[in-house]
Amino acid sequence: MSSDAEMAVFGEAAPYLRKSEKERIEAQNKPFDAKSSVFVVDAKESYVKATVQSREGGKVTAKTEGGATVTVKDDQVFSMNPPKYDKIEDMAMMTHLHEPAVLYNLKERYAAWMIYTYSGLFCVTVNPYKWLPVYNPEVVAAYRGKKRQEAPPHIFSISDNAYQFMLTDRENQSILITGESGAGKTVNTKRVIQYFATIAVTGDKKKEEATSGKMQGTLEDQIISANPLLEAFGNAKTVRNDNSSRFGKFIRIHFGATGKLASADIETYLLEKSRVTFQLKAERSYHIFYQIMSNKKPELIEMLLITTNPYDFAYVSQGEITVPSIDDQEELMATDTAVDILGFSADEKVAIYKLTGAVMHYGNMKFKQKQREEQAEPDGTEVADKAAYLTSLNSADLLKALCYPRVKVGNEYVTKGQTVQQVYNSVGALAKSMYEKMFLWMVTRINQQLDTKQPRQYFIGVLDIAGFEIFDFNTLEQLCINFTNEKLQQFFNHHMFVLEQEEYKKEGIDWEFIDFGMDLAACIELIEKPMGIFSILEEECMFPKATDTSFKNKLYEQHLGKSNNFQKPKPAKGKAEAHFSLVHYAGTVDYNIIGWLDKNKDPLNETVVGLYQKSGLKTLAFLFSGGQAAEAEGGGGKKGGKKKGSSFQTVSALFRENLNKLMTNLKSTHPHFVRCLIPNETKTPGAMEHELVLHQLRCNGVLEGIRICRKGFPSRILYADFKQRYKVLNASAIPEGQFIDSKKASEKLLGSIDIDHTQYKFGHTKVFFKAGLLGTLEEMRDEKLAQLITRTQAVCRGYLMRVEFKKMMERRESIFCIQYNVRAFMNVKHWPWMKLYFKIKPLLKSAETEKEMANMKEDFEKAKEDLAKSEAKRKELEEKMVALMQEKNDLQLQVQAEADGLADAEERCDQLIKTKIQLEAKIKELTERAEDEEEINAELTAKKRKLEDECSELKKDIDDLELTLAKVEKEKHATENKVKNLTEEMAGLDENIAKLTKEKKALQEAHQQTLDDLQAEEDKVNTLTKAKTKLEQQVDDLEGSLEQEKKLRMDLERAKRKLEGDLKLAQESTMDIENDKQQLDEKLKKKEFEMSNLQSKIEDEQALGMQLQKKIKELQARIEELEEEIEAERASRAKAEKQRSDLSRELEEISERLEEAGGATSAQIEMNKKREAEFQKMRRDLEEATLQHEATAAALRKKHADSVAELGEQIDNLQRVKQKLEKEKSELKMEIDDLASNMETVSKAKGNLEKMCRTLEDQLSEVKTKEEEQQRLINELSTQKARLHTESGEFSRQLDEKDAMVSQLSRGKQAFTQQIEELKRQLEEESKAKNALAHALQSARHDCDLLREQYEEEQEAKAELQRAMSKANSEVAQWRTKYETDAIQRTEELEEAKKKLAQRLQDAEEHVEAVNSKCASLEKTKQRLQNEVEDLMIDVERSNAACAALDKKQRNFDKVLAEWKQKYEETQAELEASQKESRSLSTELFKVKNAYEESLDQLETLKRENKNLQQEISDLTEQIAEGGKHIHELEKIKKQIDQEKSELQASLEEAEASLEHEEGKILRIQLELNQVKSEIDRKIAEKDEEIDQLKRNHLRVVESMQSTLDAEIRSRNDALRIKKKMEGDLNEMEIQLNHANRQAAEAIRNLRNTQGMLKDTQLHLDDALRGQDDLKEQLAMVERRANLMQAEIEELRASLEQTERSRRVAEQELLDASERVQLLHTQNTSLINTKKKLETDISQIQGEMEDIVQEARNAEEKAKKAITDAAMMAEELKKEQDTSAHLERMKKNMEQTVKDLQHRLDEAEQLALKGGKKQIQKLEARVRELENEVENEQKRNIEAVKGLRKHERRVKELTYQTEEDRKNVLRLQDLVDKLQTKVKAYKRQAEEAEEQSNVNLAKFRKIQHELEEAEERADIAESQVNKLRVKSREVHTKVISEE
């Protein structure tokens, strides 16, 4: 506590800041009983002081100060603090902390007019309602540089602490001044600005005045003057406050690197423009109106055409017109002066006053209704003329635009009539808009004036927001203000209670989390979250028919009863109507919603706006131009692009945007809180209402803040910082010369200091202190430093005195010597012999001439020798001098290059600032776009509700349809039962008819099942289609962001090229300067060379000196003259020498710089100094010798004088060059300092921008997620509605079709019954004929042998086809079952995946938000650590001894940064995983879409097949009638055909053996592939994330293969159905075989297509293999991600197992397809035999077989590729190895069979060599086997030719039917081709989309990498600039010390 003497510096403010010593002593000596002195609860006063009299049974009886005796419970009694704590400055120091103690401490301090009190970490101030002398200049000076504990509580102390934190922590600061309206926020804001403007004034006022040009005041004056101007136009009187800020402002004061004031800017929020046209009774409008009418400046009254009576103007006279505490006349002069100081031009100043006057005139405009019309018309034009005059408009045009505005309808404009009320509303809207835009324009102009373009490093922001206030009539503006205060209170709570405790947990300190119950999230979410009040308001604004009532109904429907903070208002008598109530932190507020929709939309008369834009008043035209609109919406002074294009932005949306930006700014700074309190409602000085103050304390969290300050550790410091700063307290605790960890060093240091060791804790990276301990350590450090400095001063003074004493002794000895000689001379002066000596001595001069000549000759020889030696030394020194000069030039070049680099860096900094501004604009656009989407979402949500109502109605219709459908189903089942009974009756008929009937029934059931499946799949596909559109929209957004990034990169590239060009120009100019300098150096060398020549000439002349000795006497007089000239020359030489010494000092400075870099040239400098001294001595000797010999060189005097003059001129030139270089040097130093500070500012701004970008990106992603969810719901409802409509029509149509089908089946049943009876009768007749012809058959057996064999062969083929058909039917059923189960399963999995994705996205968003907050704190830590590292590097250069320890500390810091950076990368990886999961869902969407389209095609195919079957039934009925005639003949040859069947069976087995042989080959290849796979699998395990995409691509290929196989199955089914028609007749079977051959060719073509797709798959696989090499480089990063991706890998493995099952099914289907291909090959051999018989061209058959063989080989290659593809997708190697082992065993069993087949293949190879040896060599085992079969079949076919001739007639009859069948097959083939085309198209689209996504992702990563590199380069440049700055300062210091 300071003494009275120490408090004297505060002047007259001392009594208002701290108690006097006398009061403190009295308080300590005051009697006090701790047990009896208490506070008790009181109904009126809340708490009163009392004395305990007794305690009984939980009750306490006490006597109050008023003399009353009360009895209360124990929990209503609170202990009183001792008297020494009365009026304590920091309430956290109280012994007993509770509400009454805090209340009475504030009350007692307030009674003593001590309005500022510390409350833990923040400050509380109470409004005194009177002027106190606590803000005088001496108070500002007293608080400057003082620590918090050294001075009394004050707003200046808070400001100075923020200023010091900014300089030491290198972090932006903010001061949040909060409180209710009237608590004194605005006054404290002004005092903060006053303090900064006083202590941090700019350094060079002259320079500022020179650069400011038209600026009429200094920057400090302008910052201070901004407040009066803004208060005049933005402050007004309210019920609770005479000077209430009706807008919010965030003032940022920027400082340079040295803490000097650099610039400032102001952001404003939500001006209450409704006050312009409406005020309550106890309030008034903005001050400016009443200031103008105060008549202080009569010229304004005249210019504005107004009066001095406010009641003459309706807009400003609805409430009070005067305020006792405000002098409007003085305020007008202050406002007018502020306008001048802030640099507004005269025209702008006049425009401001004119627009203000126009607003007042607008309120007096009158309108009336036309007779018999609702149209309004002007009621007089005088007022309109005045308003038009002030705004430079035509009054007639203005009135016309108001009464008859033009409205755009479509593409045309029409004139609209207005009622009187509409005109008044339009005038009011225009007045409010004009005033608001003018206010925002003024803020913009102020910011332009305050932006001095000086380098700025950090800023301190001061927040002054309109306070929480409860009016009788609360509107939308009041809701916004209260919501802002709610958010700020939540920010305070989160910072004070949540972040503080999270810091303890993170640092590992034992701490139990305390929930203070201060979370305001419920109220905030009620207002701002989706479907909150703002959301509903904006949604209603989009509906043209929305009203206030509909808005209120939606609010009640959405929130009443669901949220405790939303209540119905309780009507009160005498108060305005209210529609809903909100429970805020500071009280419950009733809100009236009348006019909210119009206020939020803020409509303007566009016709009048058009007039404004053309106004002759330039300021008005600018206000309503497009550019100003953008600026106005930017929140005052912040430049930004145009907001939302053609759409509009509501007031609430703009307010939320500005508020979010404010909260982002605050989160990026270190906040300091100042809590302003209202003492009473009556504005009475000194009075305090207890309940009011307690309510504010509770709401503001004051008590909780004190508690956490007392319990927690509010002070914390990094271990390295603590070690560096406090090591001086006990240096012996930390051993020197050995490394010790900073944490251990801190622990040892604290353990060795005499302090309370319970007052601190050690965290992981910091040491934490209780409140006050750090101040104690600071005091101890100051004392220790004082001791050390005292000792140092004593040692220095002793040394200096010893040096002085030594000099005194030397002078004493010299004086003694002189005195002795003088005394001796005085003794002999009168001696006669001495007198004679004096007389004779001059006469002996001539006699002694010869001696003198001899002496002179000797002297001459000595001088000559000395001259030679000196000349040699001079040359040597000149060479060294040249070398040093060269070194100096090199160093100067280096300095110049560094200066150029710094200039380049400055230009880059400027460009980065511009880029930052552009990025901020883009961020604004993105935010606005996101808000647009939110608005659209809100609109769509409303539509969703309507659709839900419609859906409920449609559901009722669906229920009715379902009932009808159930009836139809019953009828259908009954019909199916009848058909089943008929089928059972027909079971005894012929086998062929039974099979046909079963097939027909199966197809009907499949048809019905397919229809049902189709309906179910349509629903699923609709859902998936919506997901696809959502993903496509996301891809579009990514592409848009990518385009923006490309544009930004192009801009940066252009800026880079421009900077490089500027750099080249600067380098060229530098080179020119260097060339000039080198030329001057060369001239100097030339002159020095001439001097050496002169010296040599002098030597020559000295030889002539002997001859000229006779002339010495004559020249002695001349010598005296020359001596005078020589003296002058010596003076000039001395001057040149001084200049040379200056150059030497420059050289020494540069050498010192080198010494700082390397520390190796100090010895050289000392040697140079010695040599320089020797050189000076020699030169002096040389000059003396020269002067002696100049007596003999009179002839050369003139030349010598000329040369000296010339050298003098050169020296003057050099002096001028030196001065120029000195000037450039000083300028470069200044530029270096500026650049350093600028670089620091840019780096900080860049960090803030990155934080802002990340925050906005998170917000954007959250908004997009919400938007997509809403869009998906709406699309689902729309599609469901459309689907239900179509379903109802489809059901009706299907019902009609089923009825027709039932009737048709009934008719077919009757016809079949008749046909069966007829066939039975025919069968009996044929049986009789058979018995009669049995004998004839035996006699003709020999002739029919061949026919029997042929029949058996064909019968076998028929049986094979029947088996294949049955197998195909079973496969169809299997595929259908699988499709249904897979579809259902996939749908369920998709739904589950979607839920998981939504949950994970939500978790990811929460995690990202948490990580962002961590990143923000880490960014601050990183910046602080980086700056500290720079300081440490400076310490390293100063002290090499501590280098090792500091390097280790630097590495520790780097590790911490790397760990946090890794965490950041891991978080980013999680986000990427979420994106990839989204992409996997998109692939599932494509799969289901393909399946859906296939099912549609199957439905169409089945419909056509149904029609064809009906046609076939009729055809078969006719054929059966004919077939009955041939049954008898077929029975005859049955035995022959059975024999042929056995032969065909044998050949089939041989073909199967060959196929198994080929499969053995495939298995061997598979083993090899498994080996390769085992090698690749290791790499794949490390790259699950990248290969997952490839797996999806391959899965789509397999699915396309499956669709192709399905098409093949359908085509084979068609072929089988065609063949069944031919079963009754042998000729028909032959033609059917021919048809089957064509079908086989088509199947082969399908296989070719499949092979093509497999080739594409192989290409993708090759690309993947090549990409593996690239992926190796990413191995390290993937390993770090492996742990985080483990959960995703588990899920992917589940999907991989499903994929594996699908692959196995595909492989099985592939084997089945191979078997069916083999079967088709067998049929083809029969077809080829028939062709040979018909065409007799074996060579053509061989060619065709070669083609077939080639296709078979391609099929083989396809199998290989499919296996390779499957191997790439495989994850579980053991299953594959087991399969390989099993196949290996099969291979060994089949080796013997292969050997037998090899013999046959050799024979076939010899036969095939005739047709072409080269092709036969390429054929493999299966081809050889097929050729052997061809040869065997040829032999049998030659024998069967005879039988075929007998059947030629029947072939001709069946040709027509074959042609019909061929047409059917062609149609089916066309359908298959179309399906395959669709599959390929979908596949290509999917691949293109994936490729595009990958390309975008790669580009994004590349851009991110480049951004990181740019950041690193900026950091490096910043560190270099700081080093240069430090070096420059040290050099400057040394120069000063040397001078």
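Cβ coordinates come from backbone N, Cα and C, glycine included.
Feature annotation (Swiss-Prot): of 314-336, 659-681, 981-1003, 1763-1785, the stretch labelled region 'Actin-binding' is 659-681. Checking Swiss-Prot for region 'Disordered' across the ranges 1128-1147, 1248-1267, 1448-1467 points to 1128-1147. Sequence-remote contacts of a segment are chain residues at least 6 beyond its ends whose Cβ falls under 8 Å from one of its Cβ atoms, and for the region 'Actin-binding' (761-775) they are 92-93, 120, 147-149, 504, 506-510, 709-710, 713-719, 722, 743, 746-747, 750, 755, 1456. The secondary structure of SER36 (phosphoserine), as reduced to three states from DSSP, is coil rather than helix or strand. Separating the Cα atoms of THR1241 (phosphothreonine) and THR1265 (phosphothreonine) is a whole-number distance of 36 Å. Among the modified residues listed (SER36, SER79, HIS757, THR1265), THR1265 has its Cα nearest to the Cα of TYR389 (phosphotyrosine). Counting only the Cα atoms, the space from SER79 (phosphoserine) to THR1265 (phosphothreonine) is about 55 angstrom.
For the modified residues SER36, TYR389, THR1241, THR1265, the greatest number of Cβ atoms within 10 Å around a candidate Cβ is found at THR1241. Helix, strand and coil counts under DSSP for the domain 'IQ' (785-814) come to 30 helix, 0 strand, 0 coil. Per-residue confidence over the domain 'Myosin motor' (86-782) averages out at a pLDDT of 84. For the modified residues listed here (SER79, HIS757), the lowest count of other CB atoms within 10 A around the CB belongs to HIS757. HIS757 (pros-methylhistidine) falls outside any helix or strand according to DSSP and counts as coil. Annotated pair SER36 (phosphoserine) and THR1265 (phosphothreonine), C-alpha to C-alpha distance, rounded: 63 Å. A straight line from the CA of THR1265 (phosphothreonine) to the CA of HIS757 (pros-methylhistidine) spans 52 Å. Mapped onto three states, the DSSP output places SER79 (phosphoserine) in strand.
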